[in-house]
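K.L.:
Here TrEMBL flags 7-26, 32-50, 57-75, 154-175, 187-209, 229-254, 266-289, 330-352, 358-375, 382-410, 422-442 as transmembrane segment.
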Amino acid sequence: MLLERKYSAISLTFVSLLLYFFFAYFLERTEFSKLLFLWFSLFTTSYFLWKNSKNNFLFLAGVSILFRFVFLFAIPNLSQDFYRFIWDGRMILEGFNPYLSLPETFIEQHKYPINQALDLYQGMGSMNGSHYTNYPPINQLCFFIAAILANKSIIGSAAVMRVIIILADIGIIYFGKKLLENLKIPVQNIFLYALNPFIIIEMTGNLHFEPVMLFFMIWSLYLLHQKKWGWAAILLACSVSVKLIPLLFLPLFYQTFVTKDLKIKGFLRLLAFYTIVITSILLLFLPFYSSELISNYSNSVGLWFRNFEFNASLYYIAREIGYLFRGYNEIAIIGKIIPILTIIFLIGVTFFRKNKSILELITAMLFGLSFYYFTTTTLHPWYVATLIILSIFTKYRFPIIWSMAIILSYQAYSNTPWKENLWFVGLEYVIVYGYLLWELFIKKPTHKIEWEKLL
């Protein structure tokens, strides 16, 4: 039986390697049927690989990393964002502040301030090139490292950034395992993230830097559980300085610090925690500071609420209601309401739900971010990575289902020019909401363990 499992694991690993290889080097984003076949095949092999070897931690950790290295020299085929990453890094290398200039301006003036400027601009597209960069400073540091090590090669730059992302994932496996152990949760849960084809393809394959953000966030939560809240605050600031999303979680820390026994002392600690987080973020932005930085950055971030639409759920319903009663797209109004609704929801969770323990805090983070994603105007697939890593510490698995179903959003790119088919978007959310409702109201626990008693 043991020998049979060993050969089965080797066979599944080999098949997965082949599938990842074809995905990395022989797939175009427009080939939706092939994309679906490879995607669901990889989820199938990954499931059986996890089921077959879930008690062999080192083996699963090893193959998870091995699968990522398949993509090392591939050009991302599902996203163009990496061209802007390379542009920003090379701009810093040449002494420019990436927050103060537009790629479009240089190209229109026939000025090429960096190597391969025209190729990078054409790769990122005019929409990306016409907006100021909104990638925070530690993300920019990653781009800068790629520029230092591969200033004249797009593939070389992509490979450097991949190594950074893979190292971050190794860090997530390490600190994720330690936090799972401390919380007395099965350590194999980490492979719901590490072995997930969505994570491997969207992060390592398509060069999205969520793993770097999540590495700092999981490390921060681990230290917070160890009562080392000062260092936890610094690491949380580092996480925000990769992607801004963890800012949403700040209110949720209230009950973790302010308890019945430590109201005044806890409140002072909370203020100190927030002060360290905000001060650290400001210090990290300091090298890029100028009078135009805040204006350019806020305008760029605001575009996600006022202008962009992709793979939304509740927003699309609100948009249709707007069309019905007003006759035009209400994104300008709805986009302003969404952040307000999210803040109200987070405040409600902060004060009206028990969030004292790390487990309860993580569950609150999961549902707080889910609410934002359910209401947002734009939900790119890679955003779901944060929900996946949070879910492994809870009893909820709807983010795992979402990671599989979200591939349906890529149907939009099979059209020229790209255009969403709302039937596919609707099917995605029927699956996600259906599974979430089943978990919340129907699913019966098969066994009682402390970490499952969270809601």
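The backbone N, Cα and C atoms fix where each Cβ goes, glycine too.
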K.L.:
Could you pull out which residues elsewhere in the chain have a CB under 8 Å from any CB of the transmembrane segment (32-50), counting only those six or more residues past its ends?
P.N.:
8-9, 12-13, 15-16, 19-20, 22-23, 60, 63, 188, 191-192, 195-197, 201, 404, 407, 410-411, 413-414
K.L.:
Sort out the residues at least 6 away from either end of the transmembrane segment (187-209), same chain, that have Cβ-Cβ distances under 8 Å to it, and list them.
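P.N.:
For the transmembrane segment (187-209), the far contacts come to 20, 23-24, 39, 42-43, 46, 49-50, 54-55, 57, 60-61, 63-64, 67-68, 71, 74, 76-79, 81-82, 85, 135, 139, 142, 158, 161-162, 165-166, 168-169, 172-173, 176-177, 180-181, 242-243, 381-382, 384-385, 388-389, 391-393, 397, 400, 403-404, 406-407.
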K.L.:
At a threshold of under 8 Å on Cβ distances, which of 7-26, 57-75, 266-289, 358-375, 382-410 pairs most often with the transmembrane segment (330-352)?
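P.N.:
Ranking 7-26, 57-75, 266-289, 358-375, 382-410 by Cβ pairs under 8 Å to the transmembrane segment (330-352) puts 358-375 first.
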K.L.:
Should anything in the same chain at least six residues away from the transmembrane segment (422-442) have a Cβ under 8 Å from its Cβ atoms, list it; otherwise answer none.
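P.N.:
Tertiary neighbours of the transmembrane segment (422-442) are 311-313, 316, 395-398, 401-402, 405-406, 408-409, 411-412, 455.
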